[in-house]
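Asker: Before I ask anything, here is the structure I am working with.
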Amino acid sequence: MTRLGELLFAPGFFQSAEVTRALLLGSMVAAISGLMGVFVVIRGQAFIAHALADFGGAGAAVAFLVRINPVWGFLTFGVLAATGVEFLGKRAGERDLSTGIVLSVALGVESLFLYLDTHYTGHAGAPMLILFGSIFLVAPFTVPIIMALTVTTGVTLDLIYRPLLLSSIDPELARIRGVPVQAMSLIFVILLSLVVEEGSLMMGALLSISLLIGPAAAATHLTHRMGWAMLWSALLGITAMWMGIVLAYDSFYWPPAGRGWPVSFFICVLVLLFYLLARLSSQRSQVKVRVARKCDA
Amino acid sequence: MMDWAAGKDDPVLALDNISVQFDKRCVLKNVNIRVYPGEFIGLIGSNGAGKSTLLKVILGLLSPTQGTVQVGGPADGKGERLMGYVPQKLFLAPDIPLRGRDLVALGLDGHRWGIPLFSKERKRRVSEILEAVDAARYADAPVGQLSGGEQQRLLIAQALLTDPQILLLDEPLSNLDIKSAYEVIQLVSRIGREKGIAVILVAHDMNPLLGVMDRVVYLADGKALMGQIPDVFRSDVLSDLYGYPVEVLNVQGRIMVVGGRNFENNGYPREAICCESNEVL
């Protein structure tokens with residue numbers, strides 16, 4: 001039994017403060033991303049989420065240059081971009097274009113500041129850190145910030161759950177029922193930016209949405225109920241996060257030995273795996289539904 | 001059919017002299033509509049006649065350039081709360097994690113804050129209305145995988161749960177096959193009569209509604225005519241409305257409105273300055 005334990009968890013896994021912190025932060029980020037993700041999937045806003053992450057990345061690059069904690073760069077730029085996307089593209093048709101414009105500006109600014117970062121701070125690893133993240137290197141004082149963000153986002157999502165769902169299903173119907181649809185949309189995209197920037201701190205700007213979209217998309221194949229989908233999505237995200245952290249820790253001894261593989265890589269692959277399995281299982285159950293219908297007629 | 005002109009009830013919806021102008025273009029011109037409790041109204045017009053603009057005005061989503069809208073009689077000014085709205089179609093991903101009954105339940109409390117808490121009363125009301133619209137069979141199936149007719153029934157159930165005085169259906173028939181369309185009409189008409197709810201059904205074809213409509217609102221070129229079917233569907237009356245000769249044909253109990261034979265009149269001025277004019281229809 002201990003042999004198996006040693007095989008799964010490389011020595012020092014449970015003693016390392018970095019690992020404990022990564023597990024704690026990772027669980028929070030995966031959980032809140034999973035909850036939000038279901039709404040992102042039903043609102044079709046995956047593209048916006050990606051743009052927000054990249055804009056946050058540009059902010060982090062700026063923060064890196066002026067030597068403040070990247071978390072502030074991620075957050076301010078993320079929220080600004082969220083507001084910008086919302087006001088640039090009020091109509092659904094325009095939104096795709098305005099998101100595309102915001103995204104390209106984000107990447108452009110990001111490329112400039114990442115260049116300046118490596119030039120002026122002497123940190124050759126800055127681009128890698130901002131774009132692909134490093135969950136083991138998150139500064140201890142970031143923990144309360146992440147906690148506060150997670151709780152705030154969770155509580156707000158809980159509060160606006162029903163009007164948000166109604167306006168995601170049919171905005172006009174929601175408006176007639178007295179739901180402030182535009183405010184819902186703005187609040188949601190700001191929450192989205194907060195969650196995405198949290199993810200960016202762990203997974204990097206480029207990969208932060210993998211915890212947002214994949215688990216939620218998988219969950220919609222596993223259940224037909226909103227609440228269960230959100231629960232599944234959070235659970236799948238947390239599982240991918242924990243397995244990713246274990247694998248990344250173990251990979252310290254994999255070639256080229258002496259440096260672990262990026263956690264983000266493992267998480268993305270695991271999320272993809274979960275998604276494919278979920279699709280497979282739902283395809284089988286859908287065939288059953290179809291057959292049952294035919295006999296009914 | 002009842003004689004609405006007697007007017008012993010207060011109207012549940014009153015539109016007076018409604019005009020809507022976008023830039024220079026007049027979309028609605030002096031529209032007057034009165035709807036009484038329990039009445040079935042067909043709101044008929046072809047594409048571009050101003051149906052959706054009128055619908056938005058009634059729903060309170062658009063304020064008219066001119067005129068007044070009164071919902072629910074002069075006494076209670078609750079406005080759109082009294083209106084149950086059935087959208088034309090849902091644009092949902094097939095794998096949206098939402099069952100039929102979840103969609104319907106949003107009619108009950110979808111506008112409230114927070115997450116829905118389990119309550120027996122809530123469950124009972126949802127099941128009851130699902131039975132009433134004959135949708136209980138597929139209430140547990142995911143909404144995105146249901147047919148247009150099935151979704152339509154759920155949307156009607158959802159609207160009924162808002163406890164409306166007016167049920168507004170935006171082109172419910174345009175995505176349905178003939179049989180489903182017939183069933184939806186029968187359903188709405190039955191429920192309207194049973195519960196005393198006024199039904200306003202928007203459609204471009206009046207024929208499926210001929211047996212159930214109490215009165216018709218016919219829209220053409222932004223102008224509206226309201227009345228009993230035989231009074232509205234007359235060649236002279238509709239020609240006047242269109243400002244262009246049309247003929248109303250009666251083919252085996254069905255009504256057809258076709259363009260007149262005199263094509264010389266094709267150059268009839270469409271862009272009349274409307275909002276100033278006070279022609280009474």
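Quick reminder: no glycine exception, Cβ is built from N, Cα and C everywhere.
TrEMBL lists A:20-42, A:96-116, A:128-157, A:202-222, A:229-249, A:261-278 with the feature transmembrane segment.
What does the local environment look like for each feature on the list?
Answerer: When Cβ-Cβ distances below 8 Å are used as the criterion, the transmembrane segment (A:20-42) is approached by residues 14, 49, 135-136, 138, 140, 142-143, 146-147, 150, 153-154, 157, 164-165, 168-169, 188, 191-192, 195, 198-199, 201-202, 211-217, 219-220, 226, 229-230, 232-238, 240-242, 244-245, 263 of the same chain, each at least six residues removed from its ends.
Cβ atoms under 8 Å from those of the transmembrane segment (A:128-157) belong to residues 18-19, 21-22, 24-26, 28-29, 31-32, 35-36, 39, 57, 60-61, 64, 69-71, 110, 114, 164, 187, 191, 194-195, 198, 200-208, 245, 248, 260, 262-264 of the same chain, restricted to positions at least 6 beyond its ends.
Within the chain carrying the transmembrane segment (A:202-222), a Cβ under 8 angstroms from the stretch's Cβ atoms is held by residues 22, 25-26, 29-30, 33-34, 36-38, 40-42, 46, 49-50, 53-54, 56-57, 60, 74, 110, 129-135, 138, 195-196, 228-234, 236-237, 240-241, 263-264, 267-268, 271-272, 274-275, 277-279, 281-282, all 6 or more beyond its ends.
Within the same chain, residues 8-10, 13, 16, 19, 22-23, 26-27, 29-35, 37-38, 135-136, 211, 214-216, 218-220, 222-223, 260-267, 270-271, 274 sit at least 6 positions outside the transmembrane segment (A:229-249) and bring their C-beta atoms closer than 8 Å to a C-beta of that stretch.
Panel annotation: around the transmembrane segment (A:261-278), residues 22, 132-136, 202-204, 207, 210-211, 214-215, 217-219, 221-222, 236-237, 239-241, 243-245, 247-248, 251, 254 of the same chain, lying at least six beyond its termini, place a Cβ under 8 Å from a Cβ of the stretch.
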